[in-house]
Amino acid sequence: MLKIITRQLFARLNRHLPYRLVHRDPLPGAQTAVNATIPPSLSERCLKVAAMEQETLWRVFDTHPEGLNAAEVTRAREKHGENRLPAQKPSPWWVHLWVCYRNPFNILLTILGGISYATEDLFAAGVIALMVGISTLLNFVQEARSTKAADALKAMVSNTATVLRVINENGENAWLELPIDQLVPGDIIKLAAGDMIPADLRIIQARDLFVAQASLTGESLPVEKVAATREPRQNNPLECDTLCFMGTNVVSGTAQAVVMATGAGTWFGQLAGRVSEQDNEQNAFQKGISRVSMLLIRFMLVMAPVVLIINGYTKGDWWEAALFALSVAVGLTPEMLPMIVTSTLARGAVKLSKQKVIVKHLDAIQNFGAMDILCTDKTGTLTQDKIVLENHTDISGKPSEHVLHCAWLNSHYQTGLKNLLDTAVLEGVDETAARQLSGRWQKIDEIPFDFERRRMSVVVAEDSNVHQLVCKGALQEILNVCTQVRHNGDIVPLDDNMLRRVKRVTDTLNRQGLRVVAVATKYLPAREGDYQRIDESDLILEGYIAFLDPPKETTAPALKALKASGITVKILTGDSELVAAKVCHEVGLDAGDVIIGSDIEGLSDDALAALAARTTLFARLTPMHKERIVTLLKREGHVVGFMGDGINDAPALRAADIGISVDGAVDIAREAADIILLEKSLMVLEEGVIEGRRTFSNMLKYIKMTASSNFGNVFSVLVASAFLPFLPMLPLHLLIQNLLYDVSQVAIPFDNVDEEQIQKPQRWNPADLGRFMVFFGPISSIFDILTFCLMWWVFHANTPETQTLFQSGWFVVGLLSQTLIVHMIRTRRLPFIQSRAAWPLMAMTLLVMVVGVSLPFSPLASYLQLQALPLSYFPWLIAILVGYMTLTQLVKGFYSRRYGWQ
C-alpha cells in the first residue's frame, strides 16, 4: 500500500515539473509508437494525392509551378493556420496556473487548511492559504519566465525550408529560406540530404531521394521516393512512394515537392492530437530528480504516521496529534523543489545564451554539468571550420590538373548537401578555368552521396555520343568499385602492385595530416534514362585530392580545460585513422591505440563497452557505429555528451544524454540536439559545462538543506513528543516556520558557487543524500534537545500552562538554526569568511531571521499563540547558534575529507 501511495505521489510531482522544459522532445513522429486512430478521410485524401498528375496537383492546391504569391500565401494561412503541431501551441494561462497548484505539496496544505477552517481556526486557515498562494504564484511566475526564455532561445535556432515564392508584381520568383512555420499548403519546396520533412509533401521532382521513415513506420531502412508512382494501387499512405510526411528526414538525394498539409492537418498532427500520454525514456537529470524525490517522499510517508502514533498515545488527544502529524508531513515535503529547479535552470539558460550557447531543453544544463565523457567529431571541432585543398595528384603522388578538374566537375554539378570539401575544391580552381570547364562539360545526371556508399557521382558530357561518370569519395569505397588506374597517361589494371602503390602514397599524405579523397571516372555510351548506383562499377582511379584541416588554436587549451574539469574526450570520426591520429597529436590528445569501424563490427556489446572505455580515438566509423559506442558508454554509467553537425551524427546525438550541435548544422542534427552552439568551439563548450555545474550545485543546495534540516526536525519532534506533556510546537508554528524558510530559499538560484565545486562532474546520488541526512540532521537535533532542556529547567516552561513560552523558545531556535544551515551547507569552506553567499540570499535569510525573532514580540503573537521571550533567553540563543555552527563546521570538515563534497 505504501509503495502504491508513494508511486502516485511521485507521479503527481513529476507531472508538476514543467514538462516541456525538462523533457527532451522526441523527434517529430517518434512518439507514434502509441496506437492512435487516423481519420479515414485523411488516409483517402493522401492516397488520392499520391496518384494525382501534376496538372491536377496545381488545381487541387491552388498553386502553380512558379510558386505562391503573397496574397495566395495569406489566404492559405488564414484557411489552414500556421505550420505548428497542436502540442506546440501554448496553453491558456489559467491551465498553467492550475498545473502549478496541483502538486502533492499544495494538496496536503489545502487539506490541512480545510481541516483548520472546519474547526473554526480561521487564522491557521489563512496562513495555510497564504502558503499555498505563495508556492503556486512563485512557481507560476518562474515557469512563465522559463517558458518565455526557452521559446526565445529555440527561436534563435529554428529550422528553415527552401521555398519557391513569387517575389514581386511582375511574377518573378525565387527560392527563399523561410522558417518552417511559415509554410502553407500549395508551397513548392526543395529538399536535400539532411533536411527534416517540414510538412506533408507530394513529390513532383526527385533524384535518388531516400527518406528515413522509421519514426512513423518503424522501418529501419530508408525508402526511395519518386515523382511518378510505381505502385498505383497502394492502400497504405505511409507506403506511397510519392508522399513524404512531417517528422521524417532526407537521407540522400534531392527533390522538389508540393506542400499538401501543414500543422494539425498533417499525418503526425492528427496523431499528436490523439496521443495524450507517451512513454519517454528519462535522461540522467530526470532519473536523478526521480530518485531524490522518491527518497524524500518515502521519508515523509514513514515519519508522519510515527509522529501521529507517538503524540496520540502520549497526549491522548488524537485530533491534535493528527493535525500536528499532518503539519510535520507538510514540513517534510520539498514544496519549493519545482520552483527552485525551474528558476535555476532558466537562469542558467539565459546566462549561457550570452556565451553563444543556446539551450533547447533546460534539463540539458544539468546534464552539461554531469557529463564525464564527451564524444566528438574531428572536423570543425578539433580543427578549423575551413578546409584547404592542399594537393591534387595522380596515383603516384605527382601533381595533376586533370584530377583537379574531375573533382571540380563533381563538386560543381552535384545538387545535394555541399560540404567543406566541395567548397575547398570549388575554391581551388580559378575563375577562368571554372568558366571553361562549365562551358565545355554539360551535366547529364547525378548519383547522390549516402553514408552507405560514402561516395557520389555526376554524369557529364562533352559531346552527344559519350557520357563520363565522375566519382569522388572515401578512398576504400572508391577502390571497391575500381578495376583500372590511370598511370603515366596509360590505363592499366588495378592489381596488387598498384594497390600497394596507392596505399603507400595515401598513407604518406595521411601522415602529413592530409585528408585524402579519391577521384575515379568511367566513360559510357550516351543513353536516355537515369543513372543508378549499379553504374558505379569498373571505374578508372584517376588520383587523389588531399585537404589540410588544421587544428584550431583554441583546441589544445580547451582540451586541457576539459581534462582539468574531469571530462574525458573521445574522438569518433569517419576520417582516416592516420589523419585523425596526427590531429590528436598536434592538439596534445593522447590517441593511444586507434580502433577503426571494421574492428568493432564483430564485437559483442560487452567487449565493445570495455574497449570504448579505454579508447580515445575511433576512426572510419559509420553513423550506427557512433550510436552504438555512445549507447554502450551510457550503459556503463557515464553521462555522455556527443557533439556533431552532420547527417551521420544524428543517431549518436539522439542516443547521448546531451546532444550538442552548431547553428550551421544540417536540420536533422539540430533537431536531434539539446544544445546549439553559435560558435563551434570546445572552449565555448567548456564554459557551458561550468555553468551546468553551477546550476546543479544550487539545486543540490536546496535539496541538502531541506533533507538534513527535515531529518533533524523530525528526530527532535519524536524526542519531544515522547517526553513532553504537551506538543513541542503547534501545527500553526510548524506552518509559519515552513513558510518563512521557503521564502528564504527563493534566492538560491542566484547564489555563488565555490570554485572547487565546479572542478569535476556533478551527479545525482541519492545514497550520498541519505548519508548527508544522517550526518547533518542529528546536529540540529542535539541543539534542539539542548533548547528543550534550557526551556524546561532554566526557564521552567514545563507545564501545560507554560507551554507557550516553551514553544516560542523552540520556534525561534528552530527557525534561526534552519535558516543558518543555508549558509553552513552551501559551501565546504568557512561561511561568511572564506565563502560568502550572493547578496540576494544574504538579504533574504537575514530578513527571515529578523522576522522570526520579532514575531513573539509583535502584535501577531497572541494570534500565533507565541509570547515574548525574556531578555535572558538571548545570550543562551547566541550560545546555542554558535555551538550549532561550530559543530556543523567540524562535521563538515570530517565529512568532506571522508566522502567528498558536492
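Heads up, the Cβ atoms here are built off N, Cα and C, so glycines get one too.
Across the residues of the topological domain 'Cytoplasmic' (1-98), the predicted structure has a mean pLDDT of 68. The annotation topological domain 'Cytoplasmic' is assigned in Swiss-Prot to 1-98 (among others) on the grounds of sequence analysis.
What Swiss-Prot records for 99-119 (among others) is transmembrane segment, and it gives sequence analysis as the kind of evidence.
Annotation comment: Swiss-Prot describes 121-141 (among others) as transmembrane segment, evidence class sequence analysis.
Annotation source Swiss-Prot lists topological domain 'Cytoplasmic' at 142-291 (among others), citing sequence analysis.
Among the features that Swiss-Prot reports, transmembrane segment is placed at 292-312 (among others).
When Cβ-Cβ distances below 8 Å are used as the criterion, the topological domain 'Extracellular' (313-321) is approached by residues 307, 721-722, 725-727 of the same chain, each at least six residues removed from its ends. The topological domain 'Extracellular' annotation in Swiss-Prot covers 313-321 (among others).
The transmembrane segment annotation in Swiss-Prot covers 322-339 (among others).
The Mg(2+) binding site feature in Swiss-Prot is assigned to GLU335, ASP645, ASP649, ASN713, ASN738, ASP742. Listed in sequence order, MET131, VAL330, GLY331 are the same-chain residues six or more apart from ASN738 (Mg(2+) binding site) with CB atoms under 8 A from its CB.
As annotated by Swiss-Prot, topological domain 'Cytoplasmic' applies to 340-699 (among others).
Sequence-distant contacts of ASP377 (active site, 4-aspartylphosphate intermediate), defined by Cβ-Cβ distance under 8 angstroms and a gap of at least six in the same chain, are ILE571, LEU572, THR573, MET643, GLY644, ASP645, GLY646, ASP649. Mapped onto three states, the DSSP output places ASP377 (active site, 4-aspartylphosphate intermediate) in coil. Look at Swiss-Prot and you will find ASP377 tagged as active site, 4-aspartylphosphate intermediate.
Beyond the transmembrane segment (700-719), the same-chain residues lying 6 or more positions past its ends with a Cβ under 8 Å from any Cβ of the stretch are 292, 295-296, 299, 303, 306-307, 310, 328, 331-332, 334, 336-337, 340, 728-729, 741, 745, 748, 751, 762, 769, 772-781, 784-785, 788, 814, 817-818, 821-822, 825-826, 902. The annotation transmembrane segment is assigned in Swiss-Prot to 700-719 (among others) on the grounds of sequence analysis.
Residues annotated as topological domain 'Extracellular' in Swiss-Prot, with sequence analysis given as evidence: 720-728 (among others). Listed as Cβ neighbours of the topological domain 'Extracellular' (720-728) (distance under 8 Å, sequence separation of 6 or more from its ends, same chain) are residues 307, 310-311, 314-315, 320, 324, 784, 788, 799-800, 803, 806-807, 810.
Per Swiss-Prot, the feature transmembrane segment maps to 729-748 (among others); the stated evidence is sequence analysis.
For 749-770 (among others), the entry in Swiss-Prot reads topological domain 'Cytoplasmic', with the evidence type sequence analysis. Helix, strand and coil residue tallies for the topological domain 'Cytoplasmic' (749-770), in that order: 11 helix, 0 strand, 11 coil [DSSP].
Residues or ranges marked as transmembrane segment in Swiss-Prot: 771-794 (among others).
Taken residue by residue, the topological domain 'Extracellular' (795-803) breaks down under DSSP into 4 helix, 0 strand, 5 coil. Feature annotation from Swiss-Prot assigns topological domain 'Extracellular' to 795-803 (among others); the stated evidence is sequence analysis.
Of all the binding-site residues listed here (ASP645, ASP649, ASP742), the one with the fewest other CB atoms within 10 A of its own CB is ASP742.
Proximity of ASN713 (Mg(2+) binding site) to non-local residues of its own chain (separation of 6 or more, Cβ distance below 8 Å) is seen for VAL328, GLY331, SER780, SER781, ASP784, GLY814, GLN818, given in sequence order. Taking H, G and I as helix, E and B as strand and the rest as coil, DSSP gives the topological domain 'Extracellular' (856-870) the counts 6 helix, 0 strand, 9 coil. Taking Cβ pairs closer than 8 Å, the transmembrane segment (121-141) reaches residues 96-97, 100-101, 105-106, 109-110, 112-114, 335-336, 338-339, 342, 731-732, 735-736, 738-739, 742-743, 746, 863-864 in its own chain, all 6 or more past its ends. Secondary structure counts, DSSP: the topological domain 'Extracellular' (313-321) has 7 helix, 0 strand, 2 coil. Non-local neighbours of the topological domain 'Cytoplasmic' (891-902) in the same chain are 697, 700, 704, 756-757, 762, 765, 768, 771-772, 775-776, 779, 824-825, 828; each lies 6+ residues outside the stretch with a CB under 8 Å from one of its CB atoms. Applying DSSP to the topological domain 'Cytoplasmic' (891-902) sorts its residues as follows: 9 helix, 0 strand, 3 coil. In the three-state DSSP classification, ASP649 (Mg(2+) binding site) falls within a helix. Within the topological domain 'Cytoplasmic' (823-835), the DSSP-based counts of helix, strand and coil residues read 3 helix, 2 strand, 8 coil. Outside the topological domain 'Extracellular' (856-870) by six or more residues, the chain places 123, 730, 732-733, 736, 795, 804-805, 807-809, 811-812 with a CB less than 8 A from a CB of the stretch.
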